[in-house]
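Since the structure comes first, as structure tokens, the remarks are kept for the end.
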Amino acid sequence: MSNAPLANQSLQDFVARHQRLFVLTGAGCSTNSGIPDYRDSHGNWKRTQPVNFQAFMSEEHTRRRYWARSLIGWRRFGQARPNDAHHALARLEANGRCGMLLTQNVDRLHQSAGHRQVIDLHGRLDLVRCMGCGAKTPRSEFQDTLGRANAEWLALDASDAPDGDADLEHADFSSFKVPACEACGGILKPDVVFFGENVPRDVVATAQDHLSQADAMLIVGSSLMVYSGFRFVQAAAQRQIPIAAVNLGRTRADDLLTLKVEERCEAALAFLL
């Protein structure tokens, strides 16, 4: 840690002072891995809001649109690799300073970097779940199933959007075929928490339990505009433990922070490598 840039000395000191950090990460942690984020530096949406849970479950055309875009977007998302921010946080854990990492991301890049204690708050995009029988299938296998059913779509390309989505604009999705669950015929959905869907209670309870044992909180790459993540910062503030954030631009918790570093995640955390 002694070779860190002078500008990040305050963050180094914060990490050095605490033994049981609870780390909360967001989309900004993965942008350098080629995965776009949702919001700009002011916390506003860069694109239209992501698909809504109720619409996905009730509207066939919404499911067609989602899976058509995902068929294109998964090709690059599934190849994403951890960047220096992920590796730095894994090193923090290896050094015994991180009690738990709670990520709002669904890309599993923390695990790929070797981080062991990780809670996927919003689920994981590498699995597909049947909403009927609960059966789970690897997303890579479902990609093959989608491709076989929609071979004519495989030649399409589009710019990447967050979380394995692709900006397929002005496409006619009416011909896109969405396979049903082979076991029960149920609706297949990525094993992630959509907007309008609740985070499972046991996941929240487990995260809160780990937070109760922490002596400080470190936020990395999140504007905290979504309440599912922000509530943990509120809980930390209520416990009166120090809270530091690394994020470009404003966060919903700016008035609760002990320290804020407005720098790219991988640069701010470089002293951990």
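Numbers run from 1 along the shown chain.
Placed from the backbone N, Cα and C atoms, the Cβ positions cover glycine too.
Taken verbatim from Swiss-Prot:
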ACT_SITE  His122  active site, proton acceptor
BINDING   26-46, 104-107, 221-223, 247-249, Cys265  NAD(+) binding site
BINDING   Cys130, Cys133, Cys181, Cys184  Zn(2+) binding site
DOMAIN    1-273  domain 'Deacetylase sirtuin-type'
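Mapped onto three states, the DSSP output places Cys130 (Zn(2+) binding site) in strand. Summarising model confidence by region, the domain 'Deacetylase sirtuin-type' (1-273) averages a pLDDT of 91. In the structure shown, across all protein chains, Cys181 is the one of the binding-site residues Cys133, Cys181, Cys184 with the greatest number of other Cβ atoms within 10 Å. Checked against Cys130 (Zn(2+) binding site), the binding-site residues Gly26, Ser30, Gly34, Asp107, Asn247 differ in C-alpha distance, with Asp107 being the nearest. Residues Cys130, Cys133, Cys181, Cys184 make up the record's Zn(2+) site, and a Cβ search at 8 Å around their centroid adds Met131, Gly132, Gly134, Ala135, Ala180, Glu182, Ala183, Gly185, Gly186, Leu188 from the same chain. Neighbour counts of Cβ atoms within 10 Å were compared for the binding-site residues Gly26, Gly34, and the top value is held by Gly26. Comparing Cα positions, Asp107 (NAD(+) binding site) lies closest to His122 out of the recorded positions His122, Cys133, Cys181.
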